[in-house]
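*Asks:* Structure in structure tokens, see below.
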Amino acid sequence: MNILIFGPPGSGKSTHSRRIIEKYNLEYIASGDIIRAEINKGNALGREMKKYIEKGDLLPDTVINTLVLSRLRKKRENFIIDGYPRTAEQVLALENFLYDHGIRIKLAIDIFISKEESITRISGRRICRQCGAVYHIKYNPSKVPGKCDICGGEVIQREDDTPEIVSRRYDIYINNMEPIIKFYKGQGVYVQINGHGGIEEVWERIRPLLDYIWNREKKKEEFE
């Protein structure tokens, strides 16, 4: 089962992605994690990428395509890609790669929230510096303040989580999504999920859909 998951800043897509990979044993390919790992290398490319991220801008398509598709080459089935593709050009690059390797996307989940909700959520968001686990000081705090429940790493606020940058990132996301939605609707795999509400509430909107797709794919395998 190969899945794409989208959502504006603060939509909870990374939180729900982690639930999905645990429940269905999928490989997690997160564009944000890949970008941060490259930035942390401190090389020329990483420094240039950091400039885009600090302003809330998207990376050039050629850069993010290379990074994500290089990661995807290591795991070509049973994956979830978080936060990619983000532009029409990225869709084209991804779909060409998938076609060349005989891979199909089974589900494209778009978790939608309003700009106001996005800014509210992001202002309280905290990220584990080591493993990337996501917390929120109000809705989903770590058990020990400043310490990750999963790996014990330091939990921090990201530099690009200010209201001004979040607002810009939200607008860029919405403005770029139309051709992506159109394409995956045409493929019959696009589903928009109402992302407002608590984590469990939103999860219960996602889970039945995933169970259906998972069971359908398992039945197909039995007859192959």
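Backbone N, Cα and C atoms are what each Cβ position is placed from, and that goes for glycine too.
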*Asks:* For the ATP site that Swiss-Prot assigns to G10, S11, G12, K13, S14, T15, R125, V134, Y135, which of G188, G197 is also named?
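*Replies:* When Swiss-Prot describes the ATP site, the candidate it includes is G197.
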*Asks:* Determine which of R18, R19, R158 appears in Swiss-Prot for the same AMP site as S31, R36, D57, L58, L59, G83, Y84, P85, R86, Q90, R169.
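*Replies:* Looking at R18, R19, R158, the one Swiss-Prot places in the AMP site next to S31, R36, D57, L58, L59, G83, Y84, P85, R86, Q90, R169 is R158.
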*Asks:* Tell me, how many other CB atoms lie within 10 A of the CB of R86 (AMP binding site), whichever protein chain they belong to?
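*Replies:* R86 (AMP binding site) is surrounded by 19 other Cβ atoms within 10 Å.
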*Asks:* Around C128 (Zn(2+) binding site), which residues of its chain at least 6 apart sit with Cβ under 8 Å of its Cβ?
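*Replies:* Set apart from C128 (Zn(2+) binding site) by at least 6 residues yet with Cβ under 8 Å, we have V134, Y135, C148, I150, C151, G153, E154, V155, I156.
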*Asks:* Long-range same-chain neighbours of R125 (ATP binding site), Cβ under 8 Å, sequence gap at least 6?
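*Replies:* Expected: G10, V134, Y135, H136, Q157, R158, D161.
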*Asks:* Give residue numbers and ranges for long-range contacts of the region 'NMP' (30-59): same chain, 6 or more residues beyond its ends, CB-CB under 8 A.
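*Replies:* For the region 'NMP' (30-59), the far contacts come to 14, 17, 67-68, 71, 81-84, 86-87, 132, 159-160, 165-166, 168-169, 172, 176.
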*Asks:* I'm trying to understand the geometry here, so how far is the Cα atom of G12 (ATP binding site) from the Cα atom of Y84 (AMP binding site), in Å to the nearest whole number?
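*Replies:* So the alpha carbons of G12 (ATP binding site) and Y84 (AMP binding site) sit roughly 15 Å from each other.
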*Asks:* Max CA to CA distance in Å over the AMP-binding set S31, R36, D57, L58, L59, G83, Y84, P85, R86, Q90, R158, R169?
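*Replies:* If we measure all Cα pairs in S31, R36, D57, L58, L59, G83, Y84, P85, R86, Q90, R158, R169, the largest is 25 Å.
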